[in-house]
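Q: Quick one: the structure is below, and I'll ask about it shortly.
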Amino acid sequence: MSATAIPTKVMDRNLPSPRDDLELVAMPPVVGREAGEKDPYSLRTKMIGEDKIKALRQRKTGGSKLASFYESQNEHINDLLKPMSAHSAEAAQDAENNALKMKIAVNASLVANTALAILQLYAAISSMSLALFASCIDAVDPFANLILWLAHRRSDRANENKWPVRGSRFETSDGNIIYGSIMGGVNVILVVESIQEFVTHTGDDLNKFHLASIVSVAVAFGVKFCLFLYCLAIRKSSSQVQVLWEDHRNDLLTNGFSILTAAGGAKLRWWIDPMGATIIAMVIITVWTRTVYEQFTFLAGITAPPDFINLVTYKAMTFSPSITSVDTVRAYHSGPQYFVEVDIVLPPEMPLWEAHDIAQDLQDQIEKLKDVDRCFVHVDHEISHEPEHRKKV
């Protein structure tokens, strides 16, 4: 996917002035306005009623997918019609509500992983099971958790003079990518060890069954399950918590599968144990490769979802009756959050101070939206130019 966001087409607002449907922003002498609950472009007429959606779900062929589409469309229209102040308030409230939960998730994961690493290391060494070593390697990540904790601390305390865009990218670059790389690397080592066991093993002797090791890993499974459920509820609040949730999910799979294969290697066939270790390691490598790739796309500047770009476009169109056109809207990742660029057209005869105040107010409102790091509003007086600001190479 291209790292550059796709610009919207020029949208000329040759529609009836929505002045009567817009609510004045109490920021003198700013002229900017935000869309209220009224609907200047009659978007509500495109919403599908609940009765029709229920009827669609009863269709035998394709009804469920069609109903889900209309439900998503209704939700998107409601988001468009919601005042920007409501979006901003919800984003601020979410951040405030999740701050303590995020700290608990990071700190609890660090403490639990440190304790469970010792427990699972004992289980692996006492049993000498490759499958338990696989789960141990995936669990011995206090160092990686320490990286996430330091990244979170660094992003909160970033010096604004040294890091003008603050520390939001630390979570992605310093934490998540390094974390995933470490987990992928150690599992490659385990695959090599498992292959070596297949090649060098002689005879059909079964591995020794070690009950204490199985119980230790089962305890780790229970603790990880509790952390998994906790992070599941708040995983969308931060890329850090998302990575921790993925880590706990992976540990559940590896711990459960390692118990089965370690016991199978001791009770059924010796090769079940190294086979289980290989499967666990390959699954973890695949999962973390996908995670690291996704985090890299955020750093590279992949475009924001279309629904978010549509939201910014609609809010810019309905922000002030003085805005005659919305030339271009771009939104793209810069780390875990978005950079937004909006090109608006104002009347040529408008005074500079008034044009500045409208653009500044629009920028401030968009920057209060959820997941927006920075916003840049460019002002022009016509739409005949090429809608580009990037450097020509």
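Including glycine, each Cβ sits where the backbone N, Cα and C put it.
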Q: May I ask you to indicate which of 172-192, 256-276, 319-339 is given in TrEMBL as transmembrane segment?
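A: So the range that TrEMBL calls transmembrane segment is 172-192.
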Q: What range among 1-21, 64-84, 232-252 does TrEMBL record as region 'Disordered'?
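A: It is 1-21 that TrEMBL annotates as region 'Disordered'.
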